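What TrEMBL lists as transmembrane segment is A:6-25, A:37-61, A:81-110, A:122-140, A:146-167, A:229-251, A:263-286, A:292-314, A:321-340, A:392-425, A:431-451, A:477-500 (among others). Look at TrEMBL and you will find A:142-427 tagged as domain 'NADH:quinone oxidoreductase/Mrp antiporter transmembrane'.
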Amino acid sequence: MFPWLTVLIAWPLVGAAVVGLGALGRSRTGSASAGIGLARPLALLFSLVEVALLVGAFAAFDPGAAAEHQLGETYPWIPQIGATYAVGVDGVGLLLVALSVVLVPLVLLAAWREQGRDEVRLRRFVGLVLLLEAFMVAVFCARDVFLFYVLFEAMLIPAYFLIGGFGQGAGRRRAAVKFLMFSLGGGLIMLAAVIALYFLAVGAGVDPGRAFLVDELVAVDLGTAAERLMFIGFFIAFAIKAPMVPVHSWLPDVAGNASPGTSTLLICVLDKVGTFGMLTLCLPLFPEASRWAAPFVIALAVISVLYGAIMAILQTDLLRLVGWTSVSHFGFIILGIFTFTPLGTAGSSFMMLNHGLATGALFLVAGFLVSRHPEKSQQIADYRGLRSVTPVLAGTFLVAGLATLSLPGLATFVSEIMVLIGAFSGEPAGSAAWAIAAIPGVVLAAVYVLLTYQKIFTGAPAAGLEALPDLRVRERIVAAPLVAGLLVLGFVPGLALTYVDAPADESAALTAIDEPADAAAQMGSDK
Amino acid sequence: MNDVIGLAPWLVGFPLIGAAILLLGGKATDRWGHWLGVLASAASGVVGFILMFRMIGMPAEERSVDHHLWTWLSAGDLDVDLGIRLDPLSLTFVMLVTFVGTLIHVYSVAYMDHDPHRRRFFAYLNLFVAAMLTLVLADSYLLLFVGWEGVGLASYLLIGFWDTGRPAARENAVAAKKAFVMNRVGDMGLIAAMALLFANTGALDFATTLSDDGVGSLSQATATAVGLCLLLAACGKSAQFPLQAWLGDAMAGPTPVSALIHAATMVTAGVYLMVRSGPILEAAPTAQLVVVLVGAVTLLFGAVVGTAKDDIKKALAASTMSQIGYMMLAAGLGPAGYAFAIFHLLTHGFFKAGLFLGAGSVMHAMGDETDMRRYGGLSRFLPITWITMGLGWLAILGIPPFSGFWSKDGIIEAAFIPVDGQPWRAWVFGSVTVLGAAITAFYMTRLFFMTFGGRRPRWKDNRHPHEGSPLMWWPLVFLGVGSAALGAVLGIGGTFTTWLEPVVGHAEHHEPVLPVPVIMTVTILVVVLGALLAFRMYAVNVVPEEAPRGSVLTRAARRDLYQDAANETLVMRPALGLARVVEAGDREVVDRGWAALPQTVSWFGSVFRRAQSGYVRSYAAGMAGGVLVIAVVAWLVGGLGGAQ
Amino acid sequence: MTPAGLEISGGETALFWVIAPLMVLAALGLLFVKRAVHAAMCLVFVMVSMAILYIAQEAPFLGVVQVVVYTGAVMMLFLFVLMLVGVDASDSLTETIRGQRWIGVLIGIGLAAVLAGVVARAAFPPAVGLSGGDPGGIANPTALARVLFGDYGVAMEAVGVLLVTAAVGALVLTHRRRLTPKRTQRSVADSRIKALPDGVVLTPLPSPGVYARSNAMDTPALGPDGEQVPQSVSRVLRIRGQERPAPDIPAAELVETRVSAEEEA
Amino acid sequence: MDITNYVVLAAALFAIGATTVLLRRNAIVVFMGVELMLNATNLAFVTFARMHGDVTGQVLAFFVMVVAAAEVVVGLAIIVTIFRTRRSASVDDVNLLRG
């Protein structure tokens, strides 16, 4: 069998090496040599070939068994501590891999002129992007807790340099450090849990050579107290990544200071590791602890929904605003995961994909807008009346915004309604009440999207902006697949739901398995 | 039926494709784009006609067909198909939307002739038609919601159609946003209702949820909750109290939009929702009572506001609000009222669209002047508009035999029927509807004569009002004829009621608290009185060009009974205050809190740093002291040097 | 052979009680005397006494080594270095680090207390004595040598390496790499002339005053104007404040001397 | 006389040596304090050797002496070097480790 996943992971690495390594040693002045201007086309080529590989992986994946982890490979990696190189994806993982792989060429294309003309700088930039792609793909494929942890941390390296080195805001270095500190803090707590997990698993009789394998660990009962502690360890790391109130502080800073392309990769894909981890590690490994913590998590998730939306309304910086909207959306995703209903979980999985498309579109279009401003201002107040100047840009922004506010007919609506309806009939105590409490989020979303649109695109054009160029062909090529994807998935969500439905059922079954008492009570109430 | 059911998706498909072509086609479609828009709408109408004739030919009990297209959403326990429900109710709407819609498309070709963005306008109109048809044809609440928000989007785009270019355009954008956001407030209700329905019945399609089993599985409290949530949604969409504030501002859009969306079709979607959800409401009498209350309050609210408005479009908007109040009230009365709610919706769609298009014609003639105090004596200059608006005026007044009489009188009679043996409700709501009819007569007469009556024109001399192109007045004629005749055609012999019966159920006949002829006479009497009063004030007397200060009530009505101030004080200010508190909290507490962590670490560092004096002897003292402490501790704990 | 207890002779007792207090006193000298040289002398005393105690304690070899290594080599090294370094303010007993004196005293007392406590609480076995415990009556250095070169042979070698390394290390440390051009007589003269405006004297510094009444090194010379020349006294004496002020030579006497000398001439 | 008197003496000398290290500023005197501590230890070794009838104690004392000699050589060389560069033998003047 062809090792699709390994190839998917390795190919961007090869690309990063080919494109990026040349730029490591050479100084800025030495850029004249070695194929000037090749960095971006080469990186684009690599990322497009990666898309082709992805199509192959989809062809090899059997959607009928989407709940199982397919295309798996397992090789010993560090046998002394039982770490293995184990990859495999279920439907959710495959969709997220697809999201990363599809977004990278778009981001490269969107950032075509963003980083200046210095070839060495460009090589570094695209090299880091490809490196990040490899890590992102790998982390969604990892089926070994140790491998997952290593990749979870390794992703920070390219992300850190992309924020701090290639950002636009004045505070980019500070934002990069903040991002790194938050992520490392979470990672450290997770590491403790990972180590504990290993020893407890070995103590429970798992073969030490396989004690990091998720598939082995799922079957092990580790004891209530230990499970809860480890759940907390994993959850904090994932909540920081997700980001969830109150550990969200790094996100607006990063969104406001990183380049829009970086933010897209970071917030639309990389942060999904948080929710993906909750779904594929926290729930299966610690089902009892997940149920135990669910009421609390759901409360925080709903608070995130409202909090992020309220903060977004008050933002003056366009990119920060988009960052805050993500806090709100991640709240929905987490809410769905912790309802333990197949509907809510499937909705969350689907939403991970949709949020990537919608927020990615919004970030990139906002980036196009900012790149047009003579002073590259991100302040909303510096724009006015642009709809008559740049109608296509305005329209694209509006569509992306409408996707952000989950307009029916777009994919985001399907997932959001699934989460809300699923949460309303969710299992944890108070789930219904919290679901109701989350509904005002849709009104707030309308306010922040339309208010921003109104400020930027309506009224008389601001002085100095009367002659801005409309979306270029390159930029339209970037926006078109995202918008098309949102529309198609809005009317035929089955294309994606096929992949997330079965895993959601399985996940719901896993969290229910340890609670015969509850199940009995439910059966009683059904009668 | 099965041979033509395949056409049903094209009802939505034609306008949707039209919108897509016009939006994506860009400037290339500028030349013929508007005709494509008309064609798409008309094609949809033709399909609607075919389907309706086939349905009329079917036995009554088979007049409900669900056409499944594809599985839309299937996850977990939720299974929703993308499907179309064809029944008398939806087809009535299809006919209203496509017929009136097509007329307004034609009208717009001329009305928007000079607008450089006419193509975009038609794209939005087509989008609206597609969304509205999705709304009424949907076979599940979820798909209904798609149309529901789709028309909201179209409304948003069209209200804000002139939202850029000049500084004042910002206000149009604000109005558009206000409409969308207030609609979203209502939409929360629909989402909550869907959540409740799914939690209790496990489905969202009408076939399951509205069946006897589906409704039966709802407890009384749940049904009430679902009913109230649906009512909230309806209030938002139909500009009912307390979510009515957006409709007046929505008049910022081009007049054809006001006619199509904010008078004839979209705003009545709330009534459609209520009637469609009838089985649920019937299981929840409390919710029904609230529906009637909301309808009654809005009915009076809109009527009162309408008497004071000098802006012709805002006066018509207030009137729309009030008329929908009638429909809502009827929808809350149960099966007895459903048919009349929809009947009035239909006739109202015709005469109000006619009135709005007439107003558009007047504005077109007067250089976009909307203040009626600047009109007067226009009947000589705009005869066609005068006559067609006159028909609409008589229709909305409920003068027999014009169409409004048949539908509104039915509602008034239904309101006088006691519910659950509670005559007080019949008296209260019956009186309200009669009072509303009187005020309606007053303000519509006022509007009509301020515009067309009066001996002396009040506009500036350099204006030369004249009728627009035939493209503009032919739709007026059609609508005028509809205003005049539709009621009689459908109302005599209860044709329409029978037509709707398969959907809304058969209403058992109850006697009103007053005999029907008495109600009818009283109603016509008060209507004529109100009209005469207005005639005396605005046709016989001279209308001042500047609005007099007026009484307290007039001033309040001019300001929409302080709805904006109330919203601002009760909702916006507290919400904004809360938001600022949250924002300050995030900045000062959360962000600072996290920043305090590294600060604490570095504070400890600076403290411990002081110990690093660099003096070897200090270090030596530390070491010696440490040794000493360890020795003492070891001694105390381990008994160092204890007896061997 | 019964493990006979060790009898400590009266002589040894007397020796101990004579030497031990003196040793403690000398050790305290290390703490309290001002000059490093005196401290060194105190330490020498302690070490020689220590050697005596070693010998008394049946460790004649160590006693000898103590004298040779410590008193002979180590302490001489100390004195040499003292000579090199000379005297400066660090000799002063005033404390410069705040609180260090009290901390030091407290720790010293605490250390003494802990050690005393240990010694007091420990139950020592009855002393055996080296010759008493050894039936062969092996002479002490021989026994020591057996152990040293037998059991601890490797350690012995390692220590040897250590010593050589230390010697080489000391050489390397004290080796002065020439960083500046070599100072020739010419360059010294040139620099002095260059520094002339800064008040440097070209001539050698004046020698201390040598008078009829006092010809000591500690008396400053008098300049032609009758003022004292402080530079004429050695730096070490000046730092220690041991110079003798000249004012006790009355000016009149000086004048008389000068006059009479002229007369004689 | 009890043989433990020697141990008491050693303890006293050790404490005095430690105090010297802590209190004196002259690097050379500090060094002398260290030597005093080593000597005190040696005395204890010798005493214990005698007490237990085992010559190993003396061997260790011997090693201490040798190492101390090496240490003195290196230490004094360091002092001389420092003095050369900083013209001071005060331990307080060498505070490059200050944080």
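Heads up, residue numbers simply count up from 1 along the chain you see.
Any Cβ shown, glycine's included, is placed from N, Cα and C.
Just so you know, TrEMBL annotations are computer predictions that nobody has curated.
The largest share of C-beta pairs under 8 angstroms with the transmembrane segment (A:263-286) comes from A:146-167, of the ranges A:6-25, A:146-167, A:292-314, A:392-425, A:477-500. Taking Cβ pairs closer than 8 Å, the transmembrane segment (A:431-451) reaches residues 294-295, 298-299, 301-302, 305-306, 309-310, 312-313, 321, 324-325, 328, 331-332, 335, 339, 401-402, 404-406, 416, 420, 423-425 in its own chain, all 6 or more past its ends. Scored by C-beta pairs under 8 angstroms, the transmembrane segment (A:122-140) has its highest count with A:6-25, from the stretches A:6-25, A:37-61, A:292-314, A:321-340, A:477-500. The stretch with the most CB contacts under 8 Å to the transmembrane segment (A:477-500), chosen from A:6-25, A:146-167, A:392-425, is A:392-425.
Within its own chain, the transmembrane segment (A:229-251) is flanked in space by residues 152, 175, 178-179, 181-183, 185-187, 189-190, 192-194, 196-197, 200, 222, 267, 270-271, 273-275, 277-278, 281-282, 285-286, 289-290, 292-293, 297, 300-301, 303-304, 307-308, 323-324, 326-327, 330-331, 333-334, which lie at least six positions past its ends and keep a Cβ under 8 Å from the stretch.
Taking Cβ pairs closer than 8 Å, the transmembrane segment (A:37-61) reaches residues 1-2, 4-5, 7-8, 11-12, 14-15, 18-19, 23, 70-71, 89, 94, 97-98, 101-102, 104-105, 108-109, 112, 119, 122-123, 125-127, 129-130, 133 in its own chain, all 6 or more past its ends. Below 8 angstroms of C-beta separation, residues 228, 231-232, 235, 239, 244-245, 248, 252, 321, 324-332, 334-335, 338-340, 423, 426-431, 434-435, 437-438, 440-441, 444-445, 447-448, 451 of the same chain, each at least six residues beyond the ends of the transmembrane segment (A:292-314), sit close to that stretch.
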